[in-house]
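Over in TrEMBL, the protein carries these features:
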type: BINDING; residues: Lys12, Tyr158, Leu159, Glu160, Tyr161, Ser162, Gly163, Gly188, Gly208, Asn209; note: sn-glycerol 1-phosphate binding site
type: BINDING; residues: Asp14, Thr40; note: Mg(2+) binding site
Amino acid sequence: MTQLTDWKHVFKLDPDKEISDEALEKICESGTDAIIVGGTDHITLDGVLDLLSSIRRYSVPCYLEVTDAEVLTPGFDGYLIPMVLNSTDKQWILGQQHEAIKEYREVMNWDEIFMEGYCIMNPDCKAFKKTSCELPLDEDVLAYAYMAEHVFHLPVFYLEYSGTYGSAELAKKVKNELQNTHFIYGGGIQTAAQAKEMKEYADTIVVGNSVYTNLKEALKTVKAVKQ
Ligand code: 1GP
């Protein structure tokens with residue numbers, strides 16, 4: 001199975017959003033490297049399990065991004081755990097993770113768990129507000145990327161513009177800051193050209209919302225980064 005560090009392209013699906021069987025088939029058979037199940041609001045265990053079982057009809061790897069320990073469930077190929085580095089509230093950086101580790105550490109398999117150092121860059125997105133982020137300047141973002149790699153030794157740094165297309169110039173600078181930590185970019189990718197542009201710098205690009213708004217264009221992002 002493709003390792004996270006080999007991912008070029010992933011789709012992120014939200015258990016709170018409706019998706020037809022036909023659309024799901026196209027997404028899972030698109031050639032993407034993995035599907036991430038994750039979202040910010042109204043995430044329920046039932047919703048997560050429903051989506052997981054639908055995705056499991058296909059061979060594509062399926063990862064859960066754990067934004068709420070209540071929906072943790074076995075059966076995924078891996079688990080992504082965000083630490084929101086630009087949050088002003090400790091609970092989103094270390095607090096919830098600390099609680100989850102107290103409860104689950106006996107059953108945690110670190111071969112399938114990946115901590116993600118998140119930097120959330122869109123002040124209008126739900127995750128930014130929910131996790132009480134402050135908008136960093138470029139130099140701050142680069143320092144967070146540096147900390148992700150050298151202070152926390154995180155496997156992943158995630159530049160998150162959820163809902164809006166971000167700065168390719170900043171993505172380029174972030175890439176230059178990272179040697180060992182895998183660089184994921186997500187946010188606002190709707191076209192093959194945008195996918196290609198961000199993939200110049202990011203190791204992996206994530207396409208989320210556009211599968212719900214314009215699936216045809218969203219599907220083209222796969223080929224755009226895999227040629
Ligand atoms: C969201 O980074 C992902 O967590 C993808 O963002 O929904 O804007 O594509 P979009």
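Just so it is clear, glycine is given a Cβ too, placed from its N, Cα and C backbone atoms.
TrEMBL entries are annotated by machine, without manual review.
Note that the coordinates shown come from a computational prediction; the quantities given were computed from them, not determined experimentally.
Everything TrEMBL records as a feature, shown here on the structure.
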residue	record	DSSP class
Lys12	sn-glycerol 1-phosphate binding site	strand
Thr40	Mg(2+) binding site	coil
Leu159	sn-glycerol 1-phosphate binding site	strand
Gly208	sn-glycerol 1-phosphate binding site	coil
Per-residue Cβ crowding (10 Å cut-off), top of binding-site residues Asp14, Thr40, Gly163: Asp14
Those binding-site residues in Lys12, Asp14, Gly163, Gly208 whose CB falls under 6 A of ligand 1, listed in sequence order: Lys12, Gly163, Gly208
Alpha-carbon spacing, Lys12 (sn-glycerol 1-phosphate binding site) to Thr40 (Mg(2+) binding site), which is rounded to whole Å: 12
Maximum Cα-Cα separation (Å), residues Lys12, Tyr158, Leu159, Glu160, Tyr161, Ser162, Gly163, Gly188, Gly208, Asn209 listed as binding sn-glycerol 1-phosphate: 17
Asp14 (Mg(2+) binding site) and Gly208 (sn-glycerol 1-phosphate binding site), Cα-Cα, nearest whole angstrom: 8
Cα-nearest neighbour of Asp14 (Mg(2+) binding site) within the listed binding-site residues, Leu159, Tyr161, Gly163: Gly163
